[in-house]
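First the structure, in the form of structure tokens, and then the observations on it.
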């Protein structure tokens, strides 16, 4: 119930308190992205895109609940890894390529690395994690990399 009220508070003029008629309401990305839980996250737009039904960042109540479920501290590692992979796959081709990694590193470092440093980090990640050496990370490659990152579960979450 707390999440419903959190969703309703984002856009009280859009979201009815009585949901028995199953309205097709979507809270705009601008409101989702400005939530205290997301506003400082460098991936807030990608998170909203991945969890929104149409990929536009506008969320139904179900999308909103899914996002908080996956991003909760109690969600299983495999589920978190799957959604982290989708978030880092900026071009939505079901692989994390060098360009996706550049986007990820740039956001993680908030643009503080030079282009050469970003490229070096991306090359190192691919060297370490690209199991089949095809120049990109599959979901399986990514999951294997996550297994070696003990702090992944504690950092990939949103507290409400």
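Glycine too: its Cβ is placed from the backbone N, Cα and C atoms.
Annotated in Swiss-Prot:
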BINDING   89, 91, 93, 95, 100  Ca(2+) 1 binding site
BINDING   130, 132, 134, 136, 141  Ca(2+) 2 binding site
DOMAIN    39-74  domain 'EF-hand 1'
DOMAIN    76-111  domain 'EF-hand 2'
DOMAIN    117-152  domain 'EF-hand 3'
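Counting Cβ atoms from all protein chains shown, residue 132 (Ca(2+) 2 binding site) has 10 others lying within 10 Å of its own Cβ.
Taking the binding-site residues 100, 130, 134, 141 in turn, the residue surrounded by the fewest other Cβ atoms inside 10 Å of its Cβ turns out to be 134. Each of the binding-site residues 89, 93 was scored by how many other Cβ atoms lie within 10 Å of its Cβ, and the smallest score goes to 93. For the domain 'EF-hand 1' (39-74), residue counts in helix, strand and coil come to 18 helix, 1 strand, 17 coil, using DSSP.
The Cβ of residue 91 (Ca(2+) 1 binding site) has 11 other Cβ atoms within 10 Å, all protein chains considered.
Taking the Cα atom of each, residue 136 (Ca(2+) 2 binding site) and residue 100 (Ca(2+) 1 binding site) are about 9 angstrom apart. In the three-state DSSP reading, residue 93 (Ca(2+) 1 binding site) counts as coil. For the Ca(2+) 1 site, the Cβ centre of 89, 91, 93, 95, 100 serves as reference, and the other residues of the chain with Cβ at most 8 Å from it are 90, 92, 94, 96, 97, 99, 136.
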